[in-house]
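Below is one structure; the comments refer to it alone.
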Amino acid sequence: MPLSASLPSKNYDYDYDSVQPYFYFEEEEENFYLAAQQRGSELQPPAPSEDIWKKFELLPAPPLSPSRRSSLAAASCFPSTADQLEMVTELLGGDMVNQSFICDPDDESFVKSIIIQDCMWSGFSAAAKLEKVVSEKLATYQASRREGGPAAASRPGPPPSGPPPPPAGPAASAGLYLHDLGAAAADCIDPSVVFPYPLSERAPRAAPPGANPAALLGVDTPPTTSSDSEEEQEEDEEIDVVTLAEANESESSTESSTEASEEHCKPHHSPLVLKRCHVNIHQHNYAAPPSTKVEYPAAKRLKLDSGRVLKQISNNRKCSSPRTSDSEENDKRRMHNVLERQRRNELKLSFFALRDQIPEVANNEKAPKVVILKKATEYVLSIQSDEHRLIAEKEQLRRRREQLKHKLEQLRNSRA
């Protein structure tokens, strides 16, 4: 979005009506930032989403960017390079971040829940472009400070509480911007409040005593390689976060009411350095055994104990006599083989006896069993037919005998 030099007002808080299409209000019950957005009776709109940055190809502002409207309001009517950068910073969400997301820096739970979960703090591909632009702008400001305003830029110590007087020229405006930039660094939120664990394994560079914190503003950016692009894409494993370390080295914390864990995790004061940190996501291991012991009722516990004892006894029996079970199986197998052999021998002898009873195969020692059975069947049928025939003959003979007896009786009676 191009920035025009003829602006109607020096105050860079743009009218809300002009950018109203880019904001939205959520429902009352679904607004998660309602507690942080409400100050008295004023409601602040949420910051635009990541789609707005991608749509207008804007560079995302670094997190924790403080407001520097007082110094910019006192600048000249024609915005200089520093004024344009400040306008870009505020337009990209510097003040909106401070008013919408970080309304209460002391509320650690709110900062952790909002900064880590919001899409603007998760880091995306525009972070590298932002670092590059900031590096170029800072180099230009340092060169202009050395040429035009060495006296104003070399002032050490904390910044004055009131607004500074308006500068005389563009060089003084750049030096004043650097001075306000170093002063606003003290208002930034400590990264240890947001991330209670170490953010980077590399130690920051130490600042020489008496140096201006704004002059030491550097960019610690690794070269853009394929591995860096792959790391940025793998957002499930790592989150790319751009943070600002505090620049006041002589300032020491005197609060004794902080917790021991926060004191242990709080990093040392270092120069104002724009650096990229990788935060590992720790996932709970749901496969781990439960730490608490489950208490069962007395009856159920007794039943479980008895079941365990019986199972242990059966396991002991199985484990104590493996050889005995093997020997028993061998004996059973041997007995089965002996009985099977006896059965076969008896069957063979039966076939031999049957063969001897059949006249057709009696002399054939090599007659197969099928032939023996077939001939035996035929022989049985023939014997049965002979039996029926003999029974019929016997009946005829019995009748003949009865007739002869009756005839004999008649002859005896006739003689008498």
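Glycine is no exception: its Cβ is also placed from the backbone N, Cα and C atoms.
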Given the ranges 144-174, 330-360, which one is assigned the annotation region 'Disordered' in Swiss-Prot?
144-174
Candidate ranges 302-323, 390-411 [criterion: Swiss-Prot lists as region 'Leucine-zipper']:
390-411
What is the three-state DSSP composition of the domain 'bHLH' (331-383), stated as helix, strand and coil residue counts?
42 helix, 0 strand, 11 coil
